[in-house]
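Heads up, the thing below is written out as structure tokens.
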Amino acid sequence: MAFNACVALSLTNSQLFLVSSMRVCSGFRSSVACNLRCRRLKGDAVSIGSRFRNFGVARAKGQKIEDHSLLDDSMDNTDDEQVGDVRPMVPERDFTGTAYVPVYVMLPLSVIDMNCELVDPEDLLNQLRVLKSANVDGVMIDCWWGIVEAHAPQVYNWSGYRRLFQMVRDLKLKLQVVMSFHECGGNVGDDVHIPLPQWVTEIGETNPDIYFTDREERRNTECLTWGIDKERVLKRRTAVEVYFDYMRSFRVEFDEFFQDGIISEIEIGLGPCGELRYPSYPAKHDWTYPGIGEFQCYDKYLMKSLSKAAEVRGHSFWGRGPENAGSYNSAPHEIGFFRDGGDYDSYYGRFFLNWYSQVLIDHGDRVLALANLAFEGTGISAKLSGIHWWYKTASHAAELTAGFYNSSNRDGYAPIAAMLRKHEVALNFTCFEMRTVDQYEGFPEALADPEGLVWQVLNAAWDACIPLASENALPCYDREGYNKILENAKPLHNPDGRHLSVFTYLRLSPVLMERHNFQEFERFVKRMHGMVVLHFSPSESVTFSFGSNSFPFLFFFWIFSCLGYLV
């Protein structure tokens, strides 16, 4: 039988993939389909291309999921469209057959309101269905302490979260849940304000030392100082006891979701932005990038701890913070403590930085020990921030003020990884999408090196034999950023086959749901899952010519027949 017809194909990246070992299977979902139409094209060519319409999840209230153009059964094509020119492809690594790395998506910060009610559930359900169509593994949600235990100690309201969890379960998605013991608002990406519980802030009005404090005695209300971890100043409870009671209430309330495996992981908030670090660079105190930040140890509880450590060392006069550490927006070379050969590397400087970083590790140790009691049998993670600016200086000043004692002559992440290993906790790290060359172009004076920092933390985690998870630090929609994440997630030629345990995308938004952005994201998910994808961009077309000496057209006809399409 002769095949003289030509076939024009209009496919998105999500519509076609081939499995390994020369097998072909149908990976199409009902939510995304393609048009196949026969046309006579000059040169009897078969064109594979993509066409797009404007798309946005923002829509009229009441619009159903079927109305979303991402989930249409056909693409727009016109009879007069021409075969596009072939554009050179950007070389990229093939991740076909690599390890399956689950991909989760953070939900918007405003998905639960201050009354613990689910905001616009119909719209959220539509968006979750779109995410499900892209084969994401699940979503991440913050369970805010300031919402759930807002008005009185040990009076918890989980109602909005229960409704959300049921919605996620119905869609057969998984949940990563963050125990968020910090304030939301004032940081990069924050579009809502969720304070600490009202009863806690009332205590803070009479005892402001429950908050982290800088040298000028400015209080930071983002989270509670670790100085009260063992101090009964919260209505006769310590801070650690408060955190444990909250976690235990959550575990009991949502037992069915744990039993069903819907809740796959609990991330424990350990500081500002949920990260294990000091709030050393708060925007509310006029910090701007790439300032070194300030030490946050001047509340009376941490100062008491420092004085005791100095006495034990035998140098009581060391029971003070550095006097020449600059201000939030200083540069290291300007400051006596952080400059090359500065006081950070003196006997006193090493003593202070050891104490300061150990307080951070001890806080994580205490809270994670209780988290393991509350969530026995469930995976637990802790998040570290990627403080990459001033990484190429000797002192690593921005990391030091944040509590990471990672100067050029000391590994500051190995002790943290060892602590996490003790509790069998995964390390969640940020800034996986960042490239060092981009930092040089934007802020060359910052001497930043996100790639070097990521590599160091990768090795610290894997040397400690703990799972390593990650998320992007800033919004990411472009292929270049996704490729960087993939390279870090699945390092090339790793002799031990190491890879990320999970990746969480920051975050679900109308911008992500724009058609071209979502198609890039969907392609990224496939590659994280180790599936085959087409290696050209959505706006590019690839042309195959079928002459007398070309690859037999019958083979292509068989491929598309296997995929369920009739040509």
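Going from the start of the chain as shown, residues are counted 1 onward.
Each Cβ is built from the backbone N, Cα and C atoms, and glycine gets one as well.
According to TrEMBL, the signal peptide annotation covers 1-21.
For ASP142, HIS182, ASP190, LYS383, HIS388, THR430, ASN472, ALA473, ARG507, the entry in TrEMBL reads substrate binding site.
Residues or ranges marked as active site, proton donor in TrEMBL: GLU275. The number of other Cβ atoms within 10 Å of the Cβ belonging to GLU275 (active site, proton donor), over all protein chains shown, comes to 22.
What TrEMBL records for GLU471 is active site, proton acceptor. Cβ contacts within 10 Å of GLU471 (active site, proton acceptor), excluding its own Cβ and spanning all protein chains shown: 23.
Residues annotated as transmembrane segment in TrEMBL: 546-566.
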Inter-residue C-alpha distance, ARG507 (substrate binding site) and GLU471 (active site, proton acceptor) (nearest angstrom): 10
Entry from the binding-site residues list HIS388, ARG507 having the most other CB atoms no farther than 10 A: HIS388
Separation of alpha carbons, HIS388 (substrate binding site) and GLU275 (active site, proton donor) (Å): 15
